[in-house]
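S.K.: Relevant sequence annotations retrieved from Swiss-Prot are reproduced here:
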type     : residues                                                       : note
BINDING  : ALA337, VAL338, THR339, GLY340, SER341, GLY342, LYS343, THR344 : ATP binding site
COMPBIAS : 20-32                                                          : compositional bias 'Acidic residues'
COMPBIAS : 48-59                                                          : compositional bias 'Basic residues'
COMPBIAS : 63-78                                                          : compositional bias 'Acidic residues'
COMPBIAS : 150-163                                                        : compositional bias 'Basic and acidic residues'
COMPBIAS : 164-190                                                        : compositional bias 'Acidic residues'
COMPBIAS : 218-228                                                        : compositional bias 'Acidic residues'
COMPBIAS : 235-246                                                        : compositional bias 'Acidic residues'
COMPBIAS : 258-271                                                        : compositional bias 'Acidic residues'
COMPBIAS : 272-291                                                        : compositional bias 'Basic and acidic residues'
COMPBIAS : 749-791                                                        : compositional bias 'Basic and acidic residues'
COMPBIAS : 800-815                                                        : compositional bias 'Basic residues'
DOMAIN   : 324-498                                                        : domain 'Helicase ATP-binding'
DOMAIN   : 528-707                                                        : domain 'Helicase C-terminal'
REGION   : 1-96                                                           : region 'Disordered'
REGION   : 145-295                                                        : region 'Disordered'
REGION   : 728-829                                                        : region 'Disordered'
MOTIF    : 293-321                                                        : motif 'Q motif'
MOTIF    : 446-449                                                        : motif 'DEAD box'
Amino acid sequence: MAPSQKRKAIDDDFILTISDNEEDIPLEEEQEVVPRKKAKTATQQSNKQKKKNNKKSKKQQQTEDDDDEAETKEDDAADLGIWGDNDEDDGAMDTEFQFVVDGQNEVDAEFDGWGFEGAHKGVVKGANAGGDKKAVDIDEIIRRRRERKAAKEGKTTATKEEEDKMEVDEEEDDIEEIDVDLDDDEDGVLADDAFGMGVGSDVEEEEEKQDAKMGGVDGEDEDSEGEDGEKKGEDEDEGDASDDDSVATAVEHPDDVQSSDDEEGIDEEEEAKMKEFFAPEEENQPKKKGEMSSFQEMSLSRPILRGLTSVGFTKPTPIQAKTIPISLMGKDVVGGAVTGSGKTAAFVVPILERLLYRPKKVPTTRVVILTPTRELAIQCHAVAVKLASHTDIKFCLAVGGLSLKVQEAELRLRPDVVIATPGRFIDHMRNSASFAVDTIEILVLDEADRMLEDGFADELNEILTTLPKSRQTMLFSATMTSSVDRLIRAGLNKPVRIMADSQKKTAGTLVQEFVRLRPGRESKREGYLLHICKTIYTERVIIFFRQKKIAHKMRIIFGLFGLSCAELHGSMNQAQRIQSVEDFRDGKVNFLLATDLASRGLDIKGVDTVINYEAPQTPEIYVHRVGRTARAGRSGTAITLAAEPDRKVVKAAVKAGKSQGAKISSRIIDPADADKWQAEIDELEDEIEEIMQEEKEEKQLQNMEMQVKKGENMIKYEDEISSRPKRTWFETQEDKKKAKAAGRAELNGVRDKLKSKNEGKLSNKDRKKLDTMQERKQERTYKKGSAERAGKGAVLNLKKVVKKVGRSAGPKKKGGNAGKGGKGKGRRK
């Protein structure tokens, strides 16, 4: 019949396309998904062929093959998984993507922290162009000096050995040949004993003594920490008198009083300004958006979720949960949260989500992120690149110290996001022809409280007046200011205020310790610091200083005492600064000696301890300094050497910590130990000066070589250099100096400003003005002591004396007058 013939034809065609060996089936046929109906049809055909016994042997053999294939397909059809046939990935969804990450620790273990890869391109190109200078290696200078010293001592040793040999030769002539050989060997051994082995044994004995003392000191420190509950009250009672007596003394930083007053309460006028300036509270708390427990609930795109998973972010922090939904709406944001809480991701994630839906036909720069320091910008660039690793979003890093040509080439490609410092951004904005800012849609100010200070006022004003006014602006900081007058500078439009934590709050896992330096012992800071670094905290430590010269001096001292360290401050070029951070991050050095350049935003994994060589100028800087440890839920310790000039900041930090339930304790260090280390440092004072002088000479030599190279290039490439357009700036050198002085005055207070006017000295007139101003600011200028409270004080005795004199003076006066004339009342009677 016709139908049967057609069916046979189909079978014949089907048979001819199948090979005898199933392993040789082409890949395209293997990837095809076979529907269930087709599998059932093949089964019915094979069953019909089984019932026919009059088929040829060849046909029967083929039917058995069809049987096996049909059974396999039937089983596959019954066991079809989520991917289709054979339960394998058909390419519809990436197998590496995970909606719920169970093994969070495994993800975190793979991520080693943020690197500075984004800055290496600019550094390398700058070095090739002759813009980079070699750093003077302090360790190399110390090594050379020790080698010279050892060689000198070796010559003296050789001279003494020759004299000894001559004496032996004269006394023992009979056994000259034998004894000379023996004496040579013995003298060699004795010389080694005298100059090598003896010194080594002395050093070992000293080290053993130090180790024994170390154990004792550690034990005492632990005991003192354990007895804080008992002894702390006594120390505070004893310290109250000294603190109260010193209330009227000169304090270097009177601005701290104003900051504490601002913290205690906001006046009604400022509160009214805030209500008018910020968005209403109802908009700050949308429905359940502040309570999101995972990034999946935020409806983020898959590439963004994959980027978050790659860096180990599985659960949003409070600032992220509150900020991301509001930022996606396009509203202006003023955000604040504790250090190490993920503020960078809080503004990077919504930016990436919005950029995924941008028009891609014409590349355009749409986002600008500004930071106050270069290191923070480099780190922010690393975070953004890592989170956007599964997208096509492009970034450009534009900071000072790196090659201008490399940055101009990247800006010519019109990247989606530019991460920059204010100065370099203005430079490109004015002098790079291919860089346009009229298409900017989002502006972010990281560490905004620092950016809004007087030091950045002119630069920030230049940027804000150039950018489009219809932009979205976001401000973030751990110590976000509440001053509306400052926030107005950023050009915000009804911003949403999001404070995930109270202002100036430290991490809950941070232990804060304070070492009190009694009056007269401020000069022993170096000894205290060396004792701490040698015996208590020996690795993964960041030490903060106020001044670059002190940080550099301690770098030399640490090198002389065999402590591996690196320094980080503004006098270093960018290549040296990056190298220092990377050496500390990779564990090549145990100590990082830094100024406040590294206090903001720097996220280095595994920092165990932060030491403040002296308290910073303000409580806000203290919060940022100690925030370099105890990040992202990890534990950490911050120890501060506090003397009388640091009293204001320390009191503010302790007060804020106690109100938040932070762990605060006082560490007691034996003054004898500090004096011992200080004495050793004082002995090396001449050597320290010589090392600094040798370093200065090497720098001068390098500078001369650079000037010679520059002159050669000026002659060789004169036409090319003269044809370049001159770079312009928006303010003169005088304006730059004024802005710098204003920033320094705001940071260090009025006293330092007056010092700079008088070349480091205060006149008596200025000193009296400052003392009078500080007396007016004090809440109380006098407090009764223990004697007055017990009724035995000088004031009470003075009152008794006055009363006694008043009573006795009256009768004497009357009696005296009467007696002189001899006509008193008694006489008359």
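Cβ atoms are placed via backbone N, Cα and C, with glycine included.
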S.K.: Can you list, in sequence order, the residues of the same chain other than ALA337, VAL338, THR339, GLY340, SER341, GLY342, LYS343, THR344 whose CB lies within 8 Å of the CB centroid of the ATP site?
M.R.: THR317, ILE319, ALA346, ALA478, ARG631
S.K.: Long-range same-chain neighbours of THR339 (ATP binding site), Cβ under 8 Å, sequence gap at least 6?
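M.R.: The answer is ALA478, THR506, ALA507, VAL623, HIS624, VAL626, GLY627, ARG628, ARG631.
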S.K.: If you skip the near sequence neighbours and keep only those at least six away, which residues in the chain come within under 8 angstroms of THR344 (ATP binding site), Cβ to Cβ?
M.R.: GLN379, CYS380, VAL383, ASP446, GLY601
S.K.: Note down the number of other Cβ atoms within 10 Å of the Cβ of VAL338 (ATP binding site), including every protein chain shown.
M.R.: 26
S.K.: Could you tell me how many residues in the motif 'DEAD box' (446-449) are helical, how many are strand and how many are coil under DSSP?
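M.R.: DSSP composition of the motif 'DEAD box' (446-449): 2 helix, 1 strand, 1 coil.
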S.K.: Taking the domain 'Helicase ATP-binding' (324-498) alone, what is its mean pLDDT?
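M.R.: That region's mean pLDDT is 93.
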